[in-house]
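A.B. asks: Attaching a single structure in structure tokens format; questions to follow.
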Amino acid sequence: MLASIISILRVFVLLFNTPLFIFAFLPVGFLGYFILQAYAKNPLFPKLWLVLASLFFYAFWNVKYLPLLVGSIVFNYFVALKIHQTQPNAYKRLWLILGLIANVSLLGFFKYTDFFLTNFNLIWKSHFETLHLILPLAISFFTLQQIAYLMDTYKQNQIMQPKMRERVSENAPILLNPPTSFFSLSHFLDYALFVSFFPQLIAGPIVHHSEMMPQFKDKNNQYLNYRNIALGLFIFSIGLFKKVVIADNTAHFADFGFDKATSLSFIQAWMTSLSYSFQLYFDFSGYCDMAIGIGLFFNIKLPINFNSPYKALNIQDFWRRWHITLSRFLKEYLYIPLGGNRVKELIVYRNLILVFLIGGFWHGAGWTFIIWGLLHGIALSVHRAYSHATRKFHFTMPKILAWLITFNFINLAWVFFRAKNLESALKVLKGMVGLNGVSLCHLSKEASEFLNRVNDNMIMHTIMYASPTFKMCVLMIIISFCLKNSSHLYQSNQMDWIKTTSACLLLSIGFLFIFASSQSVFLYFNF
């Protein structure tokens, strides 16, 4: 039945920035949830409604992969249950290892099989056929979330067992729940919702069970909260504006430079790289803003994922501001288990590089992603060594110089992140260093014609594209470096007439762009 309904509707697109989502799916999901909260006799029905709505949202992309998501949820919950119940501790560790291997294998099969086959054929001159697998949507995200859950379940049990033994030896009542009480239908629904909750399912933020599951249990979140709805609408409007007005239109410049041009002059290359740097930021942060806003409709507070990353004065500061939830995962579940800062300095550098190599490879199966991760790992190691030197010699770099170095490194590294292959990356980099000539002229005739063609198809031509390059750059600079970011507005938890007016204006402009142009997917859907 579900497959039939979805197949009929597949002519439409179910993305945050589409009319079908904004005017149909979201209102139905919202109303259904709070109606059930108010009138359902069984308190599990509202949670079940959200789980089913989230699964429908996921299945809309490709219903064939719905069993994969459901199977992953059931399997990981079962493994966590066995970790909780099994004695002795050695068997707990075996269940944890089994769960980790299964999750990594599932992700590796879909994401990296073709990459390894291609490179194996290249090295050994063999002719194994690639499988041309379609990457299941969100698999990189829900896999990480469940890996963290398994590891934390294991660590929590390691802490609980000595405490329980201590209580027994003291002949005191055991306050901790016995292992058999771990499973319940309510707890399973909380877990399923933690993994599948549709605002964050597809591209994050990478949520942690400790910050999500208690919110699903909180009875105060079961009632309509008009302040949360108003604030959520405001944050959603910011994200929608970032996506459809800025990111989608900046993409035209980046796509031309990376995919269409055969060579790039100095100005063209820098315009290409900067366009992608801002496109990626506004696209991904726009998605996260929209996810946070939607979460607030349901009284669920998702973690902040961006904090003005392009204002960073060093690469460490950048990773405290960019994709914050991924940085948290890499730190807590890779860097610290490898020794963190407690090991010898050379080992710390090795760990930094290794962690970011894995982080780069997590983003995509390609040498360009590996190089991007390697560059960031090396940069973090260099920054760490530099920080030690500055403390020793009492030297401080001027802030403007520190910002210029940091931003330009980030912009350069994004070239590898965006390029389809090394040849495309080198094409842009050659232009950026002036190997194709340093010219202060306008874009080539081909690029100009392309931009003019884009302009003619836009309703907002007279407002936004009278001088496309200049006005878009001014808008991006103002938003990125001058205005308060959405995380500050989110944390303020207050609505006033300025925010209300801004939300109405941003939504109006966003809707104009939605109906004036074709919808595009979010960039991080590809990862």
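Numbering starts at 1 and runs along the chain as displayed.
Including glycine, each Cβ sits where the backbone N, Cα and C put it.
From Swiss-Prot, for reference:
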TRANSMEM  11-31  transmembrane segment
TRANSMEM  55-75  transmembrane segment
TRANSMEM  96-116  transmembrane segment
TRANSMEM  131-151  transmembrane segment
TRANSMEM  187-207  transmembrane segment
TRANSMEM  228-248  transmembrane segment
TRANSMEM  280-300  transmembrane segment
TRANSMEM  352-372  transmembrane segment
ACT_SITE  His363  active site
TRANSMEM  397-417  transmembrane segment
TRANSMEM  463-483  transmembrane segment
TRANSMEM  505-525  transmembrane segment
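Can you walk me through where each of these features ends up in the structure?
C.D. replies: Below 8 angstroms of C-beta separation, residues 49-50, 53, 57, 60-61, 198, 239-240, 243-244, 287, 290-291, 294, 297-298, 510, 514-515, 519-522 of the same chain, each at least six residues beyond the ends of the transmembrane segment (11-31), sit close to that stretch.
For the transmembrane segment (131-151), the list of distant contacts is 58, 61-62, 65, 68-69, 72-73, 76, 79-80, 83, 96, 99-100, 103-104, 106-107, 109-111, 113-114, 117, 191, 194-196, 200-204, 206-209, 329, 332-333, 362-363, 525-527: same-chain residues at least six beyond its ends, Cβ to Cβ under 8 Å.
For the transmembrane segment (187-207), the residues of the chain that approach it from at least six positions outside its boundaries are 29, 44, 47-48, 50-51, 53-55, 57-58, 69, 72-73, 76-77, 80, 137-138, 141-142, 144-146, 149, 213, 216-217, 284, 287-288, 290-292, 294-295, 300, 302-305, 323-326, 328-329, 522, 524-525, 527, judged by C-beta separation under 8 angstroms.
Tertiary neighbourhood of the transmembrane segment (228-248): same-chain residues 16-17, 278-280, 282-283, 285-297, 299, 464, 472, 475-476, 479, 486, 489-490, 493-495, 499-500, 502-504, 506-507, 509-510, 513-514, 517, 520, 522-523, selected by CB-CB distance under 8 Å and a gap of 6+ residues from either end.
Residues 16-17, 26, 30, 33, 50, 197-200, 203-205, 212, 215-216, 220-223, 225, 228-229, 231-243, 246-248, 250-251, 306, 309-310, 323, 414, 417-418, 476, 479-480, 486, 490, 522-524 of the same chain sit 6 or more residues outside the transmembrane segment (280-300) yet have a Cβ under 8 Å from a Cβ within it.
Counting every protein chain shown, the Cβ of His363 (active site) has 20 other Cβ atoms within 10 Å. For the recorded site, His363 (active site), the DSSP three-state label reads helix.
Remote same-chain partners of the transmembrane segment (397-417), defined as residues 6 or more beyond its termini with a Cβ less than 8 Å from a stretch Cβ, comprise 273-274, 276-277, 280, 309-315, 317-318, 363, 368-369, 371-372, 375-376, 379, 390, 425, 428-429, 432.
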